[in-house]
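Copying in the features that Swiss-Prot gives for the protein in this structure:
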REGION    1-189  region 'Enoyl-CoA hydratase/isomerase'
SITE      GLU119  site 'Important for catalytic activity'
SITE      GLU139  site 'Important for catalytic activity'
BINDING   ASP296, ASN501, TYR661  substrate binding site
REGION    311-723  region '3-hydroxyacyl-CoA dehydrogenase'
BINDING   MET325, ASP344, VAL401, VAL402, GLU403, LYS408, SER430, ASN454  NAD(+) binding site
ACT_SITE  HIS451  active site, for 3-hydroxyacyl-CoA dehydrogenase activity
Amino acid sequence: MIYQAKTLQVKQLANGIAELSFCAPASVNKLDLHTLESLDKALDALAADSSVKGLLLSSDKEAFIVGADITEFLGLFAKPEAELDEWLQFANRIFNKLEDLPFPTLSALKGHTLGGGCECVLATDFRIGDATTSIGLPETKLGIMPGFGGTVRLPRLIGADSAMEIITQGKACRAEEALKVGLLDAIVDSDKLIDSAITTLTQAIEEKLDWQKRRQQKTSALTLSKLEAMMSFTMAKGMVAQVAGKHYPAPMTSVVTIEEAARLPRDAALDIERKHFIKLAKSTEAQALVGIFLNDQYIKGLAKQSAKAASQDTQHAAVLGAGIMGGGIAYQSALKGVPVLMKDIAPHSLELGMTEAAKLLNKQLERGKIDGFKMAGILASITPSLHYAGIDQADVIVEAVVENPKVKAAVLSEVEGLVDTETILTSNTSTIPINLLAKSLKRPQNFCGMHFFNPVHRMPLVEIIRGEHTSEDTINRVVAYAAKMGKSPIVVNDCPGFFVNRVLFPYFAGFSLLMRDGANFTEIDKVMERQFGWPMGPAYLLDVVGIDTAHHAQAVMAEGFPTRMAKSGREAIDALYEAKKFGQKNGSGFYQYTVDKKGKPKKAFSDDVLAILAPVCGAPQSFDPQTLIERTMIPMINEVVLCLEEGIIASAQEADMALVYGLGFPPFRGGVFRYLDTIGIANYVAMAEKYADLGALYQVPQLLKNMAQQGTSFYSAQQVSAL
């Protein structure tokens, strides 16, 4: 043994070849601080051993290295710039040391080789992998960019254009693509990976392969003419500006970094990379996006805990109520391997549900995600039925009938009598209290809410609503089932609107108050989309939700929270509802909708709506963008904080992920609690108090006032991952 540490070891093989194997005691290998320090010492030991003629890098895991340890990021990023610079220099010295070893080096890859793992193997002379290999640099998805030499070595290895595509998109290349672009030198069978690696290294040691020429290419300047460089970088900047936009600076910064370093040798190029990395690491976007990653891990950790604690796994499911929503739920369950009975009283609804499932599967087929055999198998695992035969096989039943409390209660009560005492019943509802529906059941402990978002196949969030009598095992089993479906389940306590709709309607109320005061709805949409970063402004979102749906939900919220959410008079939603302008669903709401060539609704403004809205709108008045943002967001932010204060949602992490996954809250802002930390809670309190005269929705919760006085925040700089 040449060197041994907790997460890696170096041993001597035959013919002067040494093997450095990453072997962390955890389920995956990560390039955390400890592993980097161990790698540094291992490379020193190798350089000092004159018997070593070649080095093989390998892994004892299914994945080579999944990347750096992201749980360390926020703590590192919070350090002074000088300390961050030192850390990056330390890491780069290690990879330079690997690249500069006086003998050939090769990485034998399998599974994921991502982020810092990819940057590590870029420092070796050769890379071979098996068919499972996936190699890439996902850092821009976290608001940062490669910082261990990725922007320097990758363009010199595979060319600037291919490198910029991989880096700016945060893309991982599968084995065949990696071979095509030059990231891999060969793909071999898994059982021959190490033997092939040794053969290749032996050829390099015997100088049958020119490893020094390869190394020279990676440590020199890029070989681009001035014209080639101008065309390449101009085109890349144009593409990135169009796709990433101004709220996500990391992709553009990556292009600028590669451009600035193009004519420099390795060490000077690494200085450029380090400078830009530090700037991104200190950005609020990076804090938010890294925070989202960690929060997502937290949610997954909670789901794993629930699955472990659950009394049984869900092997069979049932959906009551077909149509688009029922079909979407059935599709998602079947796709992830849980057969499902889809029951409805109307043949045309069953047909619609099966058509929806088939349509979604056809899209998967067209994209090459599944083959025809797999598609047929998934469709066969959805059983449409007009009767309850087979319902007793279901471990979890999702009721998804019409949004009417009497109908839902009747269906739930009926099906409860047909299943055994272990079966879990859930209701897919957006507005009906779970405690109300539970009154119709003999076993309310086996019942909870399971609120899917539309379209089911695309929206990651499922709200799991705990009723007054819901047992912990019911919650655990339903959370585990939602996770098995590939969803992000978040548990909330029962209240009108649950969490997502409860916090959404104050946002709509702020929008309505602005219109009452003379603001133009198209201007509000423009500001909330382009400046704040919502995928849709409030008027557009109301059209997509459906004006009729929103009108009904608004009444539910007003009844549930009369102090804050009761209307003071007719509003824009009322005017459109009365005019039967229901939004996208019937082609007319705030905007007019026509179907484009792809069958998607396209919106356009029409003056016709102004006459309908005139009675509920004040005289036209101009507001600056910041005022529009503040007046729409403060009611939502206050309500989110109240939900945490009241225990409707358990943590800031879960609330922020529910907002991002359920409402499309701008990821670069990280959710309401991350946003509050970013702008400063004391600053928020002072800002919100300027609008106190607008009513109860604008009253700052006591929790925020206390935190402002104490100078505390929701997230500490050293945020750790879950569980």
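Heads up, the Cβ atoms here are built off N, Cα and C, so glycines get one too.
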Would you list, in sequence order, the recorded positions among GLU119, GLU139, ASP296, HIS451, TYR661 whose CA lies within 10 Å of the CA of ASP344 (NAD(+) binding site)?
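Within 10 Å Cα-Cα: none.
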Under 8 Å Cβ-Cβ from ASN501 (substrate binding site), six or more apart in the same chain: what's there?
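Correct list: SER430, THR431, ALA553, MET557.
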So if I draw a 10 Å sphere around the Cβ of TYR661 (substrate binding site), how many other Cβ atoms end up inside it?
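Neighbour count, Cβ to Cβ under the 10 Å cut-off: 24.
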Might you list, by sequence position, any residue in that chain lying six or more from ASN454 (NAD(+) binding site) with a Cβ less than 8 Å away from its Cβ?
ILE324, MET325, GLY328
So among VAL401, HIS451, TYR661, all listed as recorded positions, which is physically nearest to GLU119 (site 'Important for catalytic activity')? Use the C-alpha atoms.
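Nearest by Cα distance to GLU119 (site 'Important for catalytic activity'): TYR661.
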Hey, does DSSP put ASN501 (substrate binding site) in a helix, a strand, or just coil?
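Going by the DSSP assignment, ASN501 (substrate binding site) falls within a helical segment, counted as helix.
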Pairwise over MET325, ASP344, VAL401, VAL402, GLU403, LYS408, SER430, ASN454, annotated as binding NAD(+), what's the top Cα to Cα distance to the nearest Å?
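The NAD(+)-binding residues span at most 20 Å between Cα atoms.
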At a 10 Å cut-off from the C-beta of GLU119 (site 'Important for catalytic activity'), count the other C-beta atoms across all protein chains.
28
List the Cα distance (Å, whole number) between ASP296 (substrate binding site) and GLU139 (site 'Important for catalytic activity').
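Distance between the two Cα atoms comes out at 16 Å.
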Given the binding-site residues VAL402, LYS408, TYR661, find the one whose Cα is closest in space to the Cα of GLU139 (site 'Important for catalytic activity').
TYR661
How many Å separate the Cα atoms of VAL402 (NAD(+) binding site) and HIS451 (active site, for 3-hydroxyacyl-CoA dehydrogenase activity)?
13
List the residues of the same chain that sit at least 6 positions away from GLU403 (NAD(+) binding site) in sequence and have their Cβ under 8 Å from its Cβ, in sequence order, or write 'none'.
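Once residues fewer than 6 apart are set aside, GLU403 (NAD(+) binding site) is near THR429, SER430, THR431, ILE432, HIS552.
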On the three-state reduction of DSSP, what should I expect for GLU139 (site 'Important for catalytic activity')?
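Its secondary structure by DSSP: helix.
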Which state, by DSSP, holds the residue listed as 'active site, for 3-hydroxyacyl-CoA dehydrogenase activity': helix, strand or coil?
strand
Round to a whole number and give the Cα-to-Cα distance in Å for the pair LYS408 (NAD(+) binding site) and TYR661 (substrate binding site).
26
